[in-house]
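A.B. asks: The structure is given below, and queries will be raised subsequently.
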Amino acid sequence: MQTYLLSQQFNARSLAENSTACPANATICSGTSCVLPEDNFNETLSIILSTVLTIMLALVMFSMGCNVDIKKFWGHIKRPWGIFVGFLCQFGIMPLTAFLLSLAFNVLPIQAVVVLIMGCCPGGTASNVIAYWVDGDMDLSISMTTCSTLLAMGMMPLCLFIYTKMWTDSNAIVLPYDSIGISLVALVIPVSFGIYVNHRWPSKAKVILKVGSIVGAVLIVLIAVVGGVLYKGSWIISPKLWIIGTIFPAAGYSLGFLLARIAGLSWHRCRTVSLETGMQNTQLCSTIVQLSFTHEQLELMFTFPLIYSIFQLLFALLILGGYRVYRRHRVKTKTDVEKTEEKEDSKSTSSHAKINGGFVSNETK
């Protein structure tokens, strides 16, 4: 929700009539300065779109669950090597990368903190949709998203305590455990239903999956557009944060893929880990910064989660496009090779038949 700073001085009489100088609908209040919704239109639009997006997200996650084999999913839980590699990427590589980027660009302390908050967030659900389109391991993708969201309740405070000490007191950062819990429930319940449908009615699950994957692609674009509409007046921000917002997701994708490959994971699992690493839960980051900082501080870094969201989506689409081009070229090349081999086999069989008076042995058939 786009906000603007409303500063209004109240006289003694009005202060006596009201227990607070800020209106009841103020989202952030500090003395007589409040952050309020810009207008009723944006507030109404935000509520409507949030409801629609929540329903769409539940449907998308339900359809993604329809591509999960319960035996393979349980196999990842029992032998969690892929999940462990993803855990190292999510809560090892990303916070460390955020810390190093903040130091390298020498940003303000409050800006460094928001970059670190982004780095400590769990993976976002959009990664599951992109993982499907790049032929990733959906069982691993779902299990990684679920586990990272669950582990975030303990790992986020730990990572923030370790990395933010030089800039601020980690106790000043408010972690919305209720939002993390809601994200977990919103992920687990629809996915569980999807897994059940895939187990019980595989043919119907395939149809649901195709529809859901298209809806998921639309949802990702819609979220980006909605963010641009609701926050259209909040894009004045330090150029350093724009640069970090560009580099950070690209580094997450690259380092996640590299670590997964070093760990010996297969190519499709490397793609999955890469996407799960680079795509963060930006909505959770926005919630944390709004709960933790004053309006003056928000002016310095409030838009960073949106910048990261845009570039993580842009790079994900580039990865998707690159993979699709590679796949089409590889399939085409493979088909040409198979046709050449068939022609050579046919010629060999024909010449062999002529030499042996038309007799063709069973070995050459």
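If you go along the chain as it appears here, the first residue is 1 and each next one adds 1.
Every residue, even glycine, has its Cβ placed from backbone N, Cα and C.
Predicted automatically and left uncurated, TrEMBL annotations should be read as such.
Copying in the features that TrEMBL gives for the protein in this structure:
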- 45-63: transmembrane segment (TRANSMEM)
- 83-105: transmembrane segment (TRANSMEM)
- 112-134: transmembrane segment (TRANSMEM)
- 140-163: transmembrane segment (TRANSMEM)
- 175-196: transmembrane segment (TRANSMEM)
- 208-230: transmembrane segment (TRANSMEM)
- 242-263: transmembrane segment (TRANSMEM)
- 306-326: transmembrane segment (TRANSMEM)
- 334-347: compositional bias 'Basic and acidic residues' (COMPBIAS)
- 334-365: region 'Disordered' (REGION)
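For each feature listed, report its degree of burial, its nearest neighbours and the pertinent distances within the displayed model.
C.D. replies: Beyond its flanks by at least six residues, the transmembrane segment (83-105) meets 76-77, 111-112, 115-116, 118-120, 122-123, 140, 143-144, 147-148, 151, 155, 159, 162-163, 167, 240, 243-244, 247-248, 251-252, 255-256, 259-260, 263, 265, 273, 276-277, 280 of its own chain at Cβ-Cβ distances under 8 Å.
If one looks beyond the transmembrane segment (112-134) by at least 6 residues along the same chain, the residues whose Cβ comes under 8 Å of a Cβ in the stretch are 57, 60-61, 64, 67, 86, 90-91, 94-99, 101-103, 141-142, 144-145, 148-149, 151-152, 155-156, 159-160, 163-164, 167-168, 173, 180, 183, 187, 209, 213, 216-217, 219-220, 223, 241, 244, 248, 271-272, 275-285, 288-289, 301, 304-305, 308, 313, 316, 319-320, 323.
Within its own chain, the transmembrane segment (175-196) is flanked in space by residues 54, 57-59, 61-68, 70, 73, 122, 125, 142, 145-146, 149-150, 152-153, 156-157, 205, 208, 281, 284, 287-288, 291, which lie at least six positions past its ends and keep a Cβ under 8 Å from the stretch.
Nonlocal intrachain contacts for the transmembrane segment (242-263), taken as residues 6+ away from its ends with a CB within less than 8 angstroms of a stretch CB, comprise 81-82, 85-86, 88-89, 93-94, 97-98, 101-102, 105, 107, 115, 118-119, 269-280, 304, 307-308, 310-312, 315-316, 319.
With a threshold of 8 Å between CB atoms, the same-chain residues lying at least 6 positions outside the transmembrane segment (306-326) that come near it are 118, 126-127, 130, 133-135, 220, 223-224, 227, 231, 234, 237, 241-242, 245-246, 248-250, 252-253, 271, 274-275, 278-280, 282, 285-286.
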A.B. asks: Cβ under 8 Å to the transmembrane segment (140-163), counting only same-chain residues 6 or more beyond its ends: which ones?
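C.D. replies: Here the qualifying positions are 64-65, 68, 73, 76-77, 80, 82-83, 86-87, 90-91, 95-96, 98-99, 116-117, 119-125, 127-128, 131-132, 170, 173, 175, 177, 180-181, 183-184, 187-188, 191, 269, 272-273, 275-276, 281.
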